Amino acid sequence: MVVPGPLALSLLLSSLTLLVSHLSSSQDIASESSSEQQMCTRREHPIVAFEDLKPWVFNFTYPGVRDFSQLALDPSRNQLIVGARNYLFRLSLANVSLLQATEWASSEDTRRSCQSKGKTEEECQNYVRVLIVSGRKVFMCGTNAFSPVCSSRQVGNLSRTIEKINGVARCPYDPRHNSTAVISSQGELYAATVIDFSGRDPAIYRSLGSGPPLRTAQYNSKWLNEPNFVAAFDIGLFAYFFLRENAVEHDCGRTVYSRVARVCKNDVGGRFLLEDTWTTFMKARLNCSRPGEVPFYYNELQSAFHLPEQDLIYGVFTTNVNSIAASAVCAFNLSAISKAFNGPFRYQENPRAAWLPIANPIPNFQCGTLPETGPNENLTERSLQDAQRLFLMSEAVQPVTPEPCVTQDSVRFSHLVVDLVQAKDTLYHVLYIGTESGTILKALSTASRSLRGCYLEELHVLPPGRLEPLRSLRILHSARALFVGLSDRVLRVPLERCSAYHSQGACLGARDPYCGWDGKRQLCSTLEDSSNMSLWIQNITTCPVRNVTRDGGFGPWSPWKPCEHLDGDNSGSCLCRARSCDSPRPRCGGLECLGPSIHIANCSRNGAWTAWSSWAQCSTSCGIGFQVRQRSCSNPAPRHGGRICVGKSREERFCNENTPCPVPIFWASWGSWSKCSNNCGGGVQSRRRSCENGNSCPGCGVEFKTCNPEACPEVRRNTPWTPWLPVNVTQGGARQEQRFRFTCRAPLPDPHGLQFGKRRTETRTCPADGTGACDTDALVEDLLRSGSTSPHTLNGGWATWGPWSSCSRDCELGFRVRKRTCTNPEPRNGGLPCVGDAAEYQDCNPQACPVRGAWSCWTAWSQCSASCGGGHYQRTRSCTSPAPSPGEDICLGLHTEEALCSTQACPEGWSLWSEWGVCTEDGAQSRSRSCEELLPGPGACVGNSSQSRPCPYSEIPVILPASSVEETTSCGGFNLIHLIVTGVSCFLVSGLLTLAVYLSCQHCQRQSQESTLVHPATPNHLHYKGGGTPKNEKYTPMEFKTLNKNNLIPDDRANFYPLQQTNVYTTTYYPSPLNKPSFRPEASPGQRCFPNS
């Protein structure tokens, strides 16, 4: 096949482009692989992450307080004194817990004056810059809104001020100025700071002691040239000051040198020349550099630490702030410092001349003793002239080793403390170096070449992503603890964590001088804690190396994006997102990320019908009705743009076409109430209704109600008296006569309940002489006559009782009767009639009548069991109107009826409703449902996700009292009288309580008014503008004076410089223990009763 020329040229160019791009990508991959290989072979020191260090660290914070820059250790009292912005704290050395907090803020007038001079509100605060524990006192100085002030306070109670003095020349005005101070064993304060508002007059100043106040020469840049003071130490006969300043002896450009300066502590100043000025001031350069043909100097001193046991001064040095970041630690012997000060001076004859070496007139200078004749009798004019012009040493102070102890590129060191550790074979100097990024480097200082510059670990005391320099760093050797001051907190970090290494390999691999493997106990411990020194193993021969193997981690998910998916013949759209295994990437054999890297959701889905439901019951029981069946488009439901189902979701058909309805059956109206069954004592009324056109009407045809509940009165009835009947007639005509009557009483309206009372008999005597008025005399005469004619008189006698009659009722207590006649014999010839009752009555059939069961009325239809998708109504009745007695017939028929409801389809996206929950105390029930859509569309999940309803009466919870159920019965007798008594009692008690509260408030107010006479209480003393004399007016205003060699600051105790606007208030907070009693329900007084309803 022949290819035309232009086409061949185009294909050739395309091939070359692909080849070049392939080669370029191959080179990039090879370069990346090579750099990663170099990273895996690089040796780095171990790093202790913030989360790993956190369990070992104690921290202290205080709301609204910042700049924890001054830390002072007080081991004898087991406390740490902390100076921050506007506050002083006493903390426990064990766990930095708060012992005391004292506010030390500037007054409102002082701050307002500061801001009027152009300073910001942030600058116009009281920043503590001097904090020294001296015996039983704490000496402290603060900037006090550019009006420095100092005070001495009790070391055990910071709120108690012993003495307050001027802070000028002892503390800087500006909190950003570096300063340092030390108190000697004689109680003299040596301060190195700037002593004017603008910060242009630096000085090393002595005060407060028995000697005269002295300072460096004022406005003489050869003595101090824009210095930054770093540290001050009281060593022997000298006071040493470490600083960095612009080098006056450097001829080309501006260069910063690090210096050490010293003065004799018994210096008394000059006479006529150098009056009130140091006569023993000297300074020398500190050399910290990498040796070589062209040395690399670390010129700027940042921190210094004195190790008195070894007569060593350790210093942290960095490069210039505008150059490449690099840091080093160098150590200097005090003998090397003395050697430099005993060497030649460097002197400049005039400003145009060079700085040249000049011999030391006193090569072995020592601070002499003060003669008895006077403090400056031995100072000659020549010696004062030499002291004025010869102060800069020609030779620099050389470090202990030619190379720095530790160096680090790309990092700036800021603080340093040193600990001496006795290992198994030698004594190690362990350096703890603070960095400007907020980490602490733990390093070894040793003469061994294999361990030179050896970093043991790097401690991350700040959480990831937070970078800030350390404000202060202190070490407590006895407790083996570091105390770190940050902008918002104080930390206590242990010097060693030997128990964190759980294996021998990890313990020995840490190369930590504190730690070794205890072979007897098989654990990592310190030398002091080892059980047997001979079995305690250490291996500090090389530096520890961090394991650079790193497992991969997923990065964040990308935003959701639309994507396509294929499912057989169907296709649709989805939302997709992805993440990469790059946070971090697996490195140096680390594991790949575990888990999905792609997430797919909300894929579109076409809807499909479910199967038809079964036909519902016919809508009518007779006559033409209809039946319904349904289906829903939820198998599956359409989602995220999928097609909806095509067709009907509901079908209907006729039913009962051939079942005509019978004549309507209905209840007729109720009839009138019947007469009450009893006139009293409780009866029953009834009324009836009839079921028209049938006998199957729902409900009851009879209703009953009680009537005439009042008790029946007892009715008594007496029978008439019988005629008088003679008894015991004598032959002489004397006799006794009797008559009878009976009493009946009926306590019930039922006549069968009548009871016969006692028979009552009356007797009278009729004498024979006729003196008595007896109506039966003729009858007696007849009897006598008949007796005389017929002597056989026959009295009547009862026949036997007849049988008992049948019971008057079949049940519920009837009665029966039996009778007898007076025929055995009948009374004749004037015989007496039978005495006694002719009839007897007896109770019978006391058992209850049998009861046949009958249905109660139907309850109302219940609520529908579902709001959609098909539910049911329900109603019930019970066989309790009346309930059947044992052995009798039960009710026939159904006790429950149900009907369909809510047959419409449910809204798309919702799950089924949950069951109704339990009733709350408010008498409500609730249920819920959830949306099953991940990203619901506009038509999905419409409606509420929860429903509530009033509880059925039978389910409303009743809150019972705490006492037992039996106790509640005692409240059943609660009536209106009890309610009135309770109300009156509550009113009286509330009145007494109100009176007591009012009297208590009046008493507290009087106490508060009395206390304000001594300590005025104001809402905010910084803004208090009361009408009386302010508290700050008790202090004498300060008259500002220019400080020069002829006008020095005398001792403040002579009151030469009264303080200006020292309106500094202190407020003390003591943390109180939490002794609040816990709430106990059983201690709640009273008892709640619920009367029976």
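Just so it is clear, glycine is given a Cβ too, placed from its N, Cα and C backbone atoms.
Residues or ranges marked as signal peptide in Swiss-Prot (evidence: sequence analysis): 1-19.
In the predicted model, the domain 'Sema' (45-495) shows an average pLDDT of 92. Per Swiss-Prot, domain 'Sema' is recorded for 45-495, and the stated evidence type is sequence analysis.
Applying an 8 A CB threshold to same-chain residues 6+ apart, the list for N59 (N-linked glycosylation site) reads V96, R489, V490, L491, R492. Annotation source Swiss-Prot lists N-linked glycosylation site at N59 (among others), citing sequence analysis.
Its own atom aside, the Cβ of N95 (N-linked glycosylation site) has 10 Cβ atoms within 10 angstroms in the protein chains shown. DSSP gives N95 (N-linked glycosylation site) a coil state; it is part of no helix or strand. Residues or ranges marked as N-linked glycosylation site in Swiss-Prot (evidence: sequence analysis): N95 (among others).
Per Swiss-Prot, the feature disulfide bond maps to C141-C150 (among others). Under the DSSP three-state reduction, C141 (disulfide bond) is assigned to strand. The number of other CB atoms found within 10 A of the CB of C141 (disulfide bond), across every protein chain shown, is 30.
Among the features that Swiss-Prot reports, N-linked glycosylation site is placed at N157 (among others). Sequence-distant neighbours of N157 (N-linked glycosylation site) (same chain, 6+ residues apart, CB-CB distance under 8 A): Q100.
Here Swiss-Prot flags C264-C367 (among others) as disulfide bond, drawing on sequence analysis. Here C367 (disulfide bond) comes close to L237, F238, C264, K265, N266, D267, T280: these same-chain residues lie at least six apart in sequence, with C-beta atoms under 8 angstroms from its C-beta.
Neighbour density for N287 (N-linked glycosylation site): within 10 A of its CB lie 21 other CB atoms from the protein chains shown. Per Swiss-Prot, N-linked glycosylation site is recorded for N287 (among others).
Over all protein chains present, the Cβ of C288 (disulfide bond) has 28 other Cβ atoms lying within 10 Å. According to its DSSP assignment, C288 (disulfide bond) is coil. Look at Swiss-Prot and you will find C288-C330 (among others) tagged as disulfide bond, backed by sequence analysis.
Sequence annotations record features per position, and here Swiss-Prot assigns N-linked glycosylation site to N333 (among others) based on sequence analysis. For N333 (N-linked glycosylation site), the same-chain residues 6+ apart in sequence whose C-beta sits under 8 angstroms from its C-beta are D311, L312, I313, V400.
According to Swiss-Prot, the N-linked glycosylation site annotation covers N378 (among others).
Residues or ranges marked as N-linked glycosylation site by Swiss-Prot on the basis of sequence analysis: N532 (among others). The DSSP secondary structure for N532 (N-linked glycosylation site) is coil. Proximity of N532 (N-linked glycosylation site) to non-local residues of its own chain (separation of 6 or more, Cβ distance below 8 Å) is seen for D518, G519, K520, given in sequence order.
Annotated N-linked glycosylation site per Swiss-Prot: N539 (among others), in sequence order, evidence recorded as sequence analysis. In the three-state DSSP assignment, the secondary structure recorded for N539 (N-linked glycosylation site) is coil. Cβ neighbour count for N539 (N-linked glycosylation site): 14 (other Cβ atoms within 10 Å of its Cβ, all protein chains included).
As annotated by Swiss-Prot, N-linked glycosylation site applies to N547 (among others).
Under the DSSP three-state reduction, N602 (N-linked glycosylation site) is assigned to coil, being neither helix nor strand. If you look up Swiss-Prot, you'll see N602 (among others) marked as N-linked glycosylation site, on the strength of sequence analysis.
C618 (disulfide bond) has a Cβ environment of 18 other Cβ atoms inside 10 Å. What Swiss-Prot lists as disulfide bond is C618-C655 (among others), and the listing cites sequence analysis.
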_Packing count at C661 (disulfide bond) (other Cβ atoms within 10 Å of its Cβ)_ = 11
*According to DSSP, which of helix, strand or coil covers C891 (disulfide bond)?*
coil
*Have a look at the disulfide-bonded residues (C655, C680, C707, C834) and report the one with the fewest Cβ neighbours inside 10 Å.*
C680
*Looking at the disulfide-bonded residues C622, C633, C676, C691, which has the shortest Cα distance to C141 (disulfide bond)?*
C633
*Out of C645, C712, C891, point to the one nearest C622 (disulfide bond) in space (Cα versus Cα); all of them are disulfide-bonded residues in the record.*
C891
*Quick one, of the disulfide-bonded residues C622, C645, C822, C868, which Cβ has the fewest other Cβ within 10 Å?*
C622
*By CA-CA distance, flag whichever of C618, C633, C645, N944 among the recorded positions is nearest to C891 (disulfide bond).*
C618
*Cβ neighbour count within 10 Å of C330 (disulfide bond)*: 27
*Using Cβ-Cβ distances, find the residues under 8 Å from C691 (disulfide bond) that belong to the same chain and are at least 6 apart in sequence, listing them in sequence order.*
I665, F666, W667, A668, C697, G701
